[in-house]
Amino acid sequence: MNTTQKRVILASMSPRRTELLRKAGIEHEVIPSNVTEGTDGKESPSEYVGRLAREKALDVARDHRDAIVIGADTVVVLDGVILEKPTDREDAKRMLERLSGSTHEVLTGVSIIGATQDLFVTTTHVTFDVIPESWMEDYLDSEEPYDKAGAYGIQGSGGLFVEKIEGDFYNVVGLPIHPLVKTLDRHGVTPRFL
Ligand SMILES: Cc1cn([C@H]2C[C@H](O)[C@@H](COP(=O)(O)OP(=O)(O)OP(=O)(O)O)O2)c(=O)[nH]c1=O
């Protein structure tokens, strides 16, 4: 139980992240950051998600110094190329065609800012089977791809493309719950088993 009643803030607009944190029994508020995503291409994918996670947490922590603030960023990486959220249908199609029939990485950077600061990056390997053309078109007609890195959601219909996953499932959905809860514990925040 969260006996010390520390205030936890999730600096994210992602409905998946707040849901995962809630299911993990971590009481929290949601205050999205104003950080703009984008890279100059000089940093590695790992450096990029780490930097963004930290910027998101810092942006909110500045105005809430009494709280423990969590920031996160998730990208899909294929052959060293970063795939973020698609800009439109064509972009989403390009991404899914690249991911079809191959293995990619999903990286999530997590920053926790409280009395001390923590930053870690978790990687999950995901292998897609070849996506049949008709499935791809139907999927692109749905709402699912458009607010997700790599243009798919493993937790939804996008899970149908997945042949194999190595690593943390929740990391793909946007928050690696296991290392996050272990780190929060060091900040005096423990999960409530409902
Ligand atoms: C690959 C994959 C990504 N995603 C989501 C997780 C993230 O919400 C999103 C990646 O975008 P992010 O930029 O990491 O997060 P966000 O814009 O949704 O929210 P915020 O910046 O405010 O924290 O993709 C899934 O939900 N399922 C998946 O299978």
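Counting starts with 1 at the first residue shown.
The backbone N, Cα and C atoms fix where each Cβ goes, and this holds for glycine too.
The site 'Important for substrate specificity' annotation in TrEMBL covers R16 (among others). According to DSSP, R16 (site 'Important for substrate specificity') sits within a helical segment. Counting only same-chain residues at least 6 apart in sequence, those with a Cβ under 8 Å from the Cβ of R16 (site 'Important for substrate specificity') are Q155, V173, G174, L175.
Here TrEMBL flags D73 as active site, proton acceptor. Non-local contacts of D73 (active site, proton acceptor) by the CB criterion (under 8 A, 6+ apart in sequence, same chain) comprise E37, Y48, V49, L52, A53, K56, T108, G109.
TrEMBL lists T74 (among others) with the feature site 'Important for substrate specificity'. Counting every protein chain shown, the number of other Cβ atoms lying within 10 Å of the Cβ of T74 (site 'Important for substrate specificity') is 28.
Here TrEMBL flags Q155 (among others) as site 'Important for substrate specificity'.
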